[in-house]
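Undergrad: Structure incoming, see below.
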Amino acid sequence: MNDKIVRATAKNGMVRIIGGITTNLVNEGSKIHECTPVAAAALGRMLTAGTLMGTTLKGEKESLTLKINGGGEAKGITITAHNDASVKGFIGNPYVTRELNDKGKLDVGGAIGKDGLLYVIKDLGLKEPYVGQVPIYSGEIAEDFAYYFTVSEQTPSAVSLGVLVDKDLSIKAAGGFIVQMMPDADELLADLVTYRLEEIPPITTLISEGKTIEEILEFIFEGMDLNILDSIEPSYKCDCSREKVEKALASIGKKDLQEIYDDGKNEEIVCNFCNTKYSFTTNDIGELLKNSIKK
């Protein structure tokens, strides 16, 4: 089944929904970073949140960065997303291992930790990016984003993010949704939506059963005039290039470049997001140095 993100409304626009299946995307990210099961679950939840939230951006030059670091052994996760539902990310320690939590589930909250902040950074092409931050609520990620939306954006929200890791470490199912109540929605509607969300099986169970994201949302919002607005296929996509790496290397300054050149060793730079290796010979460093001196 292909991954898909849909945007929808229910109850005449009183409920706003973004939902998606992200199994292939999360599998790609987990493979790139060679994640353990708990690392794959943590990274996958963040990637899913990123691709869902990225679709709310208006322009293709806008970007969204999500960061969470609670002092746990995962050593933080960073995600960057765009409005075409493309996303990339990295986890500080992809080899983190934890015992299962008291519910018999992967202990994402323990791996992330609670002693830190969740950051949401929106670069909308203005002079300064918008930066929202909240204390980490549980480290389970979905609850942390629900807390962020409610506290920082004053939008009561329910967030579900799930990743099911198979025995061979591939991703069996991944997906999630963000459900937000509009300001004019009445409390009875909010209570009904909350009740429905509490009663449904985990989203990974529904995906594993072969349900599409449309079928999942129709199941949740049955009798509530669900209206699917649009859909898009998400992807794990890194936009790194040798040219960008050269610019980053040149930006460290002439003094540091000169030291690297004087060492006479080849330099290798690895992209955090996709692990692509970029090699620079002494001659390459010399050219960068020469160009920086000209400037």
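Placement of Cβ uses the backbone N, Cα and C atoms for every residue, glycine included.
Per Swiss-Prot, the feature disulfide bond maps to CYS238-CYS240, CYS271-CYS274.
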Undergrad: Non-local Cβ contacts of CYS274 (disulfide bond) (under 8 Å, 6 or more apart, same chain)?
TA: ILE32, LYS88, CYS238, CYS240
Undergrad: Inside 10 Å of the Cβ of CYS240 (disulfide bond), count up the other Cβ atoms and send me the figure.
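TA: Other Cβ atoms found within 10 Å: 17.
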Undergrad: Specify the count of other C-beta atoms within 10 Å of the C-beta of CYS271 (disulfide bond).
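TA: 18, counting other Cβ atoms within 10 Å of CYS271 (disulfide bond).
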